[in-house]
Amino acid sequence: MFESTVTFLDWLGIVVFSLTGALVASRKQMDVVGFVLLGTVTGIGGGTLRDLLLDLHPVLWIEQPLYVVVCALVSTIAFFTAHLVHSRYQLILWLDAAGLALFAATGAERAIGVGAGPVVAVIMGMITACFGGIIRDTLSQERSIIFSYEIYVTAALAAAITLVCANALGIDRQVGVSAAFGVGFALRGGAIMFGWSLPRYRSRQGRAHENAVC
Amino acid sequence: MFESTVTFLDWLGIVVFSLTGALVASRKQMDVVGFVLLGTVTGIGGGTLRDLLLDLHPVLWIEQPLYVVVCALVSTIAFFTAHLVHSRYQLILWLDAAGLALFAATGAERAIGVGAGPVVAVIMGMITACFGGIIRDTLSQERSIIFSYEIYVTAALAAAITLVCANALGIDRQVGVSAAFGVGFALRGGAIMFGWSLPRYRSRQGRAHENAVC
Amino acid sequence: MFESTVTFLDWLGIVVFSLTGALVASRKQMDVVGFVLLGTVTGIGGGTLRDLLLDLHPVLWIEQPLYVVVCALVSTIAFFTAHLVHSRYQLILWLDAAGLALFAATGAERAIGVGAGPVVAVIMGMITACFGGIIRDTLSQERSIIFSYEIYVTAALAAAITLVCANALGIDRQVGVSAAFGVGFALRGGAIMFGWSLPRYRSRQGRAHENAVC
């Protein structure tokens with residue numbers, strides 16, 4: 001039951017990330033091939049970079065091409081229905097938060113599974129969760145999520161760190177993944193609902209701490 | 001005869017892609033090292049990404065450094081003669097179309113050759129043909145070809161799909177590569193000559209289909 | 001003594017490159033996670049790309065996660081003290097020059113060590129030295145160093161070529177690395193102090209050679 005929930009969320013994450021890629025494509029008024037390109041890169045980009053860095057071959061979508069097919073399908077549907085997608089922007093933000101939290105947890109877990117230490121596992125969780133979006137923004141020359149005022153990469157990091165800690169403490173996998181997901185989703189959800197953010201660097205006064213929101 | 005034609009076109013593709021990189025460098029008024037950097041990345045970027053993803057080592061230009069030498073040479077010549085290159089812009093567009101169609105076909109074929117399925121092979125054809133240009137545009141912060149109004153990525157996809165279908169139908173390699181090249185070149189050529197494009201997403205009215213040209 | 005000097009400079013290079021990433025993050029008014037992300041990518045990006053291309057696994061920071069820890073630490077300190085960092089901009093330029101020259105030399109040497117030929121070794125030196133900065137500029141959507149008016153990539157290339165030549169001539173490793181470092185550092189230093197640059201391509205007149213400074 002837990003396994004099938006994780007698998008379900010895994011596919012959900014891919015679908016949602018593809019949708020965010022398609023949304024950017026719609027903003028750029030691209031054609032259907034552009035939607036598919038950007039949607040697919042966003043959906044599988046993070047996992048691909050993780051697999052390349054960890055030397056895990058075949059990379060996820062070469063082993064399981066259905067991932068690409070689903071990304072392409074979702075992006076194509078989005079091309080014909082993007083007005084619906086836009087009106088559901090709030091929903092997509094939340095699904096994206098779920099995908100972010102889950103990919104950070106499962107990405108870190110996959111790294112641990114192939115023998116990576118805690119530091120590398122945390123990074124791999126962050127890469128899996130965030131680099132699809134980072135590649136999307138770079139390719140489409142949009143303002144990158146790494147500049148996002150609200151918490152984003154931080155939520156992925158927190159989820160990955162939670163997973164790694166739970167694993168180090170010998171906590172049951174089911175509990176660990178759930179806790180990591182919960183931490184990441186709560187942080188990102190707070191950012192969506194309440195505008196949570198970390199204090200930013202201010203150049204003039206050197207008073208970086210006054211503007212903290214969370 | 002066919003083999004040597006393909007080999008000739010392969011080198012021609014590398015040369016032409018390098019030239020497009022050098023042209024961007026000239027627009028940015030870079031120095032000769034900038035020309036070489038951008039020309040080389042454009043010439044071998046797509047094939048390099050394909051080899052990394054398929055775990056084919058050594059990657060093409062590490063196995064055959066002559067590729068890099070030729071890219072560097074072409075870019076250097078372009079630095080000293082770019083006014084000629086500019087006045088031959090139309091010719092370069094057509095050579096680029098030939099390189100695009102050929103790389104899509106041979107990229108897909110190389111993927112099939114190492115056991116990739118049809119979906120992965122199509123993607124590898126597209127990556128080989130397009131990602132040199134995509135990396136060029138990203139590094140040089142130019143408007144990316146993925147936003148190109150006219151058919152570009154689509155032509156590469158069509159060529160790769162043709163190659164994969166021909167292979168699946170057991171059609172002779174020579175015929176398959178030629179057909180794939182023909183499809184890709186015809187589509188891209190139509191885009192150059194007649195401005196062929198796919199309908200683009202329009203945000204306001206949700207009437208994405210009216211503006212179809214092809 | 002020579003070994004420990006190289007190791008010291010190697011760590012110094014990572015620290016300095018991280019600092020340049022953190023400086024860009026401060027210009028973009030990012031939060032501390034943004035500092036760490038950009039600082040770390042800059043510090044280890046070039047070496048990571050080299051290892052991926054050469055199929056050297058585990059890549060440097062997966063084998064030695066301390067690299068990442070140091071990058072993250074340096075970036076975090078920079079977040080809280082960036083006003084100091086800014087006032088030391090001149091110092092950082094010079095440390096960056098040292099890191100550039102050293103990474104070009106050691107990157108080329110690492111490639112030779114795994115059997116790469118001279119062309120590939122030169123490219124790997126350049127990639128190790130420059131691609132951290134190139135990835136930093138691409139991710140942060142800053143004007144890329146590849147457009148830098150003053151000599152930058154050229155200095156890395158010169159250092160890598162010197163190393164490869166010294167190696168081919170059978171010159172002692174200690175002398176070769178020192179010479180390569182010296183050449184790269186002198187060229188980049190000249191660019192910092194005297195504005196050395198290569199002639200750039202001028203579109204109108206086709207007179208690319210008149211504006212040579214060096």
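Cβ coordinates are placed from backbone N, Cα and C, and glycine is handled just like the others.
Taken straight from TrEMBL:
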{"type": "TRANSMEM", "residues": "C:6-25", "note": "transmembrane segment"}
{"type": "DOMAIN", "residues": "C:8-82", "note": "domain 'Glycine transporter'"}
{"type": "TRANSMEM", "residues": "C:32-53", "note": "transmembrane segment"}
{"type": "TRANSMEM", "residues": "C:65-84", "note": "transmembrane segment"}
{"type": "TRANSMEM", "residues": "C:91-108", "note": "transmembrane segment"}
{"type": "DOMAIN", "residues": "C:93-165", "note": "domain 'Glycine transporter'"}
{"type": "TRANSMEM", "residues": "C:114-135", "note": "transmembrane segment"}
{"type": "TRANSMEM", "residues": "C:147-169", "note": "transmembrane segment"}
{"type": "TRANSMEM", "residues": "C:175-198", "note": "transmembrane segment"}
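Long-range Cβ contacts of the transmembrane segment (C:147-169) within its own chain (Cβ-Cβ under 8 Å, at least 6 residues beyond either end) map to 97, 100-101, 103-105, 107-109, 112, 118, 121-126, 129-130, 175-177, 179-181, 183-185, 187-188, 190-192, 195-198, 200, 214. Taking DSSP states H, G and I as helix and E and B as strand, the domain 'Glycine transporter' (C:93-165) has 59 helix, 0 strand, 14 coil. Counted over residue pairs 6 or more apart, the CB atoms of the transmembrane segment (C:175-198) and the transmembrane segment (C:32-53) come under 8 Å in fewer than three pairs, which marks the two as apart. The DSSP breakdown of the domain 'Glycine transporter' (C:8-82) into helical (H, G, I), extended (E, B) and coil residues amounts to 64 helix, 1 strand, 10 coil.
As a whole-number mean, the pLDDT of the domain 'Glycine transporter' (C:8-82) in this prediction is 93.
Most Cβ pairs within less than 8 Å of the transmembrane segment (C:65-84), among stretches C:6-25, C:91-108, C:114-135, belong to C:6-25.
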